Amino acid sequence: MTESSVHPALWPAPYATGAVEATVTVPGSKSVTNRALVLAALAAEPGWLRRPLRSRDSFLMAEALRALGVGIEEGVGADGEGETWRVIPAGLHGPASVDVGNAGTVMRFLPPVAALADGAVRFDGDPRSYERPLNGVIDALRVLGARIDDDGRGSLPMTVHGSGALDGGSVSIDASSSSQFVSALLLSAPRFNQGVEVRHIGGTLPSMPHIRMTVDMLRAVGAQVDEPETGGEPNVWRVSPSALLGRDLTVEPDLSNAQPFLAAALITGGRVTIPDWPERTTQPGDALRRIFTEMGGSCELTEAGLTFTGTGRIHGIDTDLSEVGELTPGIAAVAALADSPSTLRGVAHLRLHETDRLAALTKEINELGGDVTETEDGLHIRPRPLHGGVFHTYDDHRMATAGAVIGLAVEGVEIENVATTAKTLPDFPRMWAGMLGA
Ligand SMILES: O=C(O)C1=C[C@@H](OP(=O)(O)O)[C@@H](O)[C@H](O)C1
Ligand SMILES: C=C(OP(=O)(O)O)C(=O)O
């Protein structure tokens, strides 16, 4: 009897016997969907989301907004073009309970929304959510006029006692542990009486593309934003008070969730096309065009989408991933299969993601025979022949997809709890099998 037949939570990762040739349609971006939901909920009129991500993180966001009084109707667009959600803003109110799960976007973006509600809003979530940093949001909201009861721990669980409005104003925060602190304060700021001025002080601010995404999406719904990249003061963002428009937004595919499929082309010397890859985007996953090309493949953006072609030869890479931290697990998986060592830098904050990703990647790749060491801010990966075994995922969707990537090239890899991909890509096992022609 194999281990997987006695342990239902083990998923035998398919081994690729040849070059992968596939077109893979990837569902909507988590980061865009959850920002769009918040902005639509705060708007002065109804709005629509087309092709929203349907996953644990986006359902948690939708449920939480509903609990605060927002209408979110799920349906199919009249043009037959798939899922469309209609968001109907309403007076936000408590008492309400919000389950954040382990969604950074929910635990950080919603407390400022709750501060605008009338009544108490209780926030709770998975055990890991208690360990993820939230102090930047809690402290800032207090400075901006909110009353929050967090038992003095600066983390979940907590209750935001909304009074129906928030003063807003100027606040300094250290967002070096998560860019989501900045995004959270900016997203709700048009509804603060005085808007907001957020100044980041402290160490390096990670995930800048995600802050750009926040700024772009705010501007798209009519907000006025001053920020460093369009002539503003470094590390300072200002949002003026204003009403927000209800928009009709089609959500881009999640380019970070395209990563394992592109990696499959790179590793097997195959070719994978991702339809609807945007020509211009703030998603960090767009950096995969450069990163995976440097690691040995080539890509082309055409009307059909992004086509990535591998040669089967994979090169190591020395790169700073601070802007694109969420790509690290997938890059580490590819790097473990390369023909030369890699150094991944600038991602110390990953220790506070879904799990401690630096520790988890090191342990799991090494248990398959690899040679990975943690540095202060990243990983050194020296490729060695790997063997099969159980790849643990620590409730981290990107650990599961990283393990699947290794399993393409290494026979006998079993992923523990592949269902954790439901956080952002519930259909991953079926999509993976489909890519392999199963
Ligand atoms: O704003 C967002 O949508 C995100 C920002 C990033 O968070 P951190 O800055 O905490 O890494 C990223 O890792 C996360 O997956 C999504
Ligand atoms: C860090 C991530 O998620 P979260 O939005 O929960 O921070 C991620 O998806 O890689």
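Every residue gets a Cβ built from N, Cα and C, even glycine.
For the 3-phosphoshikimate site that TrEMBL gives as Lys30, Ser31, Arg35, Ser178, Ser179, Gln180, Glu326, His353, the extra residue drawn from Ser155, Ser163, Ser207, Ser298 is Ser207. Listed binding-site residues: Ser179, Gln180, Arg357. Those with a CB atom under 6 Å from ligand 1: Ser179, Gln180.
With respect to ligand 2, the binding-site residues Arg35, Gly104, Ser207, His353, Arg398, Lys423 contribute Gly104, His353, Arg398 as residues with a C-beta closer than 6 angstroms to one of its atoms, given in sequence order. For Ser179 (3-phosphoshikimate binding site), other Cβ atoms within 10 Å of its Cβ number 27. Cβ environment of Arg35 (3-phosphoshikimate binding site): Thr105, Phe109, Ser183, Leu187, Met213, Thr214, Met217 lie under 8 Å away, each six or more residues apart in the same chain. The Cβ of Gly104 (phosphoenolpyruvate binding site) has Arg132, Ser178, Gln180, His353 as same-chain neighbours under 8 Å, each 6 or more residues away in sequence. DSSP assigns Lys30 (3-phosphoshikimate binding site) to a helix in the three-state reduction.
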